[in-house]
Amino acid sequence: MVTFSSRRHRDVDSSRDDLVDLNRAHSSWLKAFYKWIITIDGDPEVNKGKAYRSLPNVSNYIFFLGGRFRTVRCCSNLVIFTGFNVVAPMVLFSIFETSKIWHSRDGYKLLLMFLYYFWAMCLSFFVRTATSDPGVLPRNIHLGQLQKNFQIPQEYYGTISLPAPQTITGDIQAKIELKYCTSCRIWRPPRASHCSTCEACILTHDHHCIWVNNCIGQRNYRYFIVFLASAILSTILLITNCSIHVYHHRNSPSKVPVTILLIVYGGLLLMYPLILLMYHILMTGRQQTTREFLRQEHTKNPFLTKIHRVRHNPFDRGNFVANVLSLFLQPRGISTVCPRERHDEKDWRFISIADFHSFEKMGTSV
């Protein structure tokens with residue numbers, strides 16, 4: 001009897017342990033799935049080998065669907081406003097206008113097809129611009145040897161000027177500048193800059209766009225330009241289709257109030273992306289990024305400042321069209337920090353490092 005009772009107790013304890021392990025496994029799976037859906041804060045305990053689990057610790061990004069999409073943590077309401085303006089007019093148009101124009105005897109189906117094509121392109125490239133990698137550079141690549149006063153070498157605070165390649169410009173006075181980023185602890189490549197909003201250095205950094213809540217850099221600049229161009233074309237086609245409908249009801253415009261509303265709404269929406277696209281065409285024609293232009297002119301409002309050619313610009317090809325194409329069609333390059341790749345848990349790129357002066361005090365050798 002004693003033996004049977006002890007066996008039964010052991011079986012009960014074993015069942016309880018199995019149940020506890022099962023609950024823990026279930027909880028761990030739910031936590032891992034939640035972190036896969038959205039990763040706001042780094043969690044080294046869950047899937048610590050994936051970069052998107054660690055990047056929120058060293059940047060201001062949050063990731064979705066296992067690192068496939070990203071946005072900045074301090075989300076701007078303007079990105080929601082932008083998305084609303086991309087979707088809402090087409091929803092109204094689809095409800096009140098599409099069927100009438102499609103079944104019209106005058107044959108406007110081709111215009112309608114072009115409208116939906118460019119709108120789909122606009123929506124797609126809006127998402128790509130807002131959620132893709134703009135060209136984030138890895139952190140903690142160039143850690144300087146600290147001196148006795150707990151400071152990095154003085155040359156890390158200066159700017160290094162190098163002669164520009166003669167293949168880019170014939171100006172012998174043109175120089176390429178390299179600077180050390182004291183936030184990311186790297187020597188930045190030419191034209192890269194640090195974004196304080198994203199807390200990262202970005203390749204060929206143009207600007208941080210509040211309308212898409214992401215930086216515009218080398219890897220998504222093309223997406224940004226296509227988004228602007230497709231937004232302009234789809235808006236023009238929206239106004240055109242609605243104007244045709246109003247023309248057919250020119251004797252009784254009160255019967256098409258939504259159509260008139262869409263024309264006015266589209267006209268208002270058209271102005272800003274059109275001005276922005278023209279501004280970027282003029283800017284790139286002089287081989288300048290927005291950040292370079294603002295720094296050169298010492299202004300915060302580029303629309304009220306005349307754009308002119310900069311002397312001794314090492315990237316200027318001397319031709320307006322060549323300059324535009326070199327920036328619009330520049331290679332995206334590979335992602336230097338891929339969120340979906342695995343990494344060692346002690347990889348310096350994903351470790352938040354204290355200020356420079358604290359290394360020797362902590363007895364840490366670099």
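For all residues, glycine too, the Cβ spot is worked out from N, Cα and C.
Because TrEMBL annotations are produced automatically, they should be read as predictions rather than curated entries.
Computed from a predicted structure; not experimentally measured.
Look at TrEMBL and you will find 78-96, 108-127, 223-247, 259-282 tagged as transmembrane segment. Here TrEMBL flags 176-296 as domain 'Palmitoyltransferase DHHC'.
Most Cβ pairs under 8 Å with the transmembrane segment (108-127) belong to 223-247, among the candidate stretches 78-96, 223-247, 259-282. Assigned with DSSP, the residues of the domain 'Palmitoyltransferase DHHC' (176-296) fall into helix, strand and coil as follows: 67 helix, 20 strand, 34 coil.
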